[in-house]
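Trainee: The structure is given below, and queries will be raised subsequently.
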């Protein structure tokens, strides 16, 4: 173990300066108030012992017991749960200093910076330094991690105390000194978390010592928090020591933080009222569902119409995922709600007609047509949104590829150009020998060759930067700045190159010998080196392909490149042979010059390393291309798999639509048979849902693989979704229409033959075959059935069959009209006669009579809606059942 030299001191300052002490604060602490020192001794000793007892030991004198560093290291191991280095067991001073330094090293490793605390002061028993060190340990291991609403540790602990004691009288915690002198704050903290331990109402603000002692005794006995404070010291000190109180209060924080004939009449009234109540419930349910659906559409349309592009691929992928969630999770329930809303509306209107009630008119803006219009606007907003997202992702993908390519080429050029200006500015030729000047000239010629070889790269960098600007790359400013710097530097290099050549040519006449081997090496090595750099760039170049043909093209190009490697290796061997010849000449003639080539910056090691790098990159490129080829084959399989399913599902949906359409207009057979057939259709359709789900899964795989086209099918997932939703809506609506016809037939007493006759007449005059007759078709139908109609009579009939003024007559309205005069339905007169029986022939009825004869809820319904009776013989509490009955059938304004 290395010895720790005496005199080593730690000069660290903890980064969290909002609650860690600064060096100047330590200077002031050297003049610590004796009362504060006493409080800190007691508190810090108790705090240390509360942890040391877990290891079966304790301290008596804080500045003496830590001097050898053993218990200090043990304390740190207990509170951190980590092992410290093995202590030195000797008793000499340097052993003690070494142990204390190990403890201080561990504290510093936790990010704590100790100001002016050296191991010598601790070993010497300096009480100020010892207390400061223990306070630093308390801050790091007991207080630092306390955080409330992103506050610092001290502020977080204070805020925690303020919140916990806020409801208590006479408690106002503003600091960690004077706010705790009366002891009520400590008692309030205990009572807030353990009200069974203390009766706060019996505490006396004028007995601070008793309050503090009570709190500390309870904390020690029930909360395992040792006594760390002296009540008399806190009460009698004008400003108690803040560190002592913070240490003690933090123990509370850690302790507490871890811490679902008349009878016949009554039956008739109950039946009528039940129908009315159910109709009102359906009306309210329709209004509620319509409001919720319209509100959802209103909130969704702006989101779908937002075409603001994001700057990053991750953000656009998040938008695409949100849209997928909308199509998979949010929209399908709303499609069902819209369908259910139409079914409820038709059912309600049928029930109202059957029960001889007025037609239901939804509130303004909530008609079925209004909802259909809003839904159409939603579909219009949704159209093209996904295509826009995918186009944006392709654009960003292209941008990222170009940006990475720009960075690679720019980095390569900057690396090459680094230091070139300084080289060109040198005037070494002024003091060089004739041979050296000629060497400098040849070296400059090689540099010019290298410079010309880099011209293409600079042009490529500028072209890529221009394309990034045209595609609106989000970091175009930095790209332009970097490109401009490269171009400016390139211009300076050109100017400096020309000037240096002119200077060298002025001295060329002084040159007598040329080292042909060096010059030949320079001329051949520079292009070869540049070729290798270009080859490495090409081998590391990123590629993006979307088809097997594209990747095959890249593989072909790569194979062509590999075919050139033998020729390149021959060139490399020739260049190496030149250098070997140079070495041979130098050795043969004992020439005292460096074997380094004065005309070229390219070294043999550089050529070897780059050649090795090229050979390493070739198989890596092979693997990348083969992996991409495999991925493109997988994408092609996904396309074919999706197309096979879509080409089967699309015609199946169309066939089902045609079968349902034929079933809805058939004349022969009973309605129940037609219903059973439709139910079978519905069952088959529901069972077919698994095919749609599987297609959705394949479609998601295609999108996750970023496959953007599929030449194997004309069906897209959007076509299938729209067809499937239309099929579900059509079968549900058709079943509802047949159920309504059965309900009307049974309620009106129509035979199956009559129903078939009505259907035949309706189908004959339904010229557009859309289940509706306009006014002229309806008039022709009535005339064909023997009705002699004038304009007034026809207008009256139209108000019955087209109450909403839509200009069309449905099959259900046609049946209602044909059976209206002969059907056995209840009337207002029948209900009035029933009420008269319950009222014992009186023109009014009393609430008591209603409660006696009717069920409680329907009796209360009548009492709430019947107007007071004011006719002859009226008595207090008399109710007008005549007006009420007329209102039920829309014959009054009640």
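Glycine residues also receive a Cβ, built from the backbone N, Cα and C atoms like all the rest.
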Trainee: Among 237, 308, which is annotated phosphothreonine in Swiss-Prot?
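Mentor: Record lookup, Swiss-Prot, feature phosphothreonine, residue 237.
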Trainee: Within 10 angstroms of the C-beta of residue 237 (phosphothreonine), what count of other C-beta atoms is obtained when all protein chains are considered?
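Mentor: Other Cβ atoms found within 10 Å: 18.
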Trainee: Excluding the flanking five residues on each side, which residues at least 6 beyond the ends of the domain 'EF-hand 2' (789-824) place their CB within less than 8 Å of a CB in that stretch?
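Mentor: Residues 350, 353, 358-359, 361, 737, 740-741, 744-745, 747-750, 755, 758-759, 762, 771-775, 777-779, 781-783 contact the domain 'EF-hand 2' (789-824) from elsewhere in the chain.
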Trainee: Give the nonlocal contacts of the domain 'EF-hand 1' (753-788) in its own chain as ranges (CB under 8 Å, at least six residues past its ends).
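Mentor: Beyond its ends, the domain 'EF-hand 1' (753-788) has Cβ neighbours at 664-665, 667-668, 671, 737, 741, 745, 794, 797-798, 801, 807-811, 814-815, 818.
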Trainee: If I take every residue in the repeat 'Spectrin 2' (401-506) and average their pLDDT values, what number comes out?
Mentor: 80
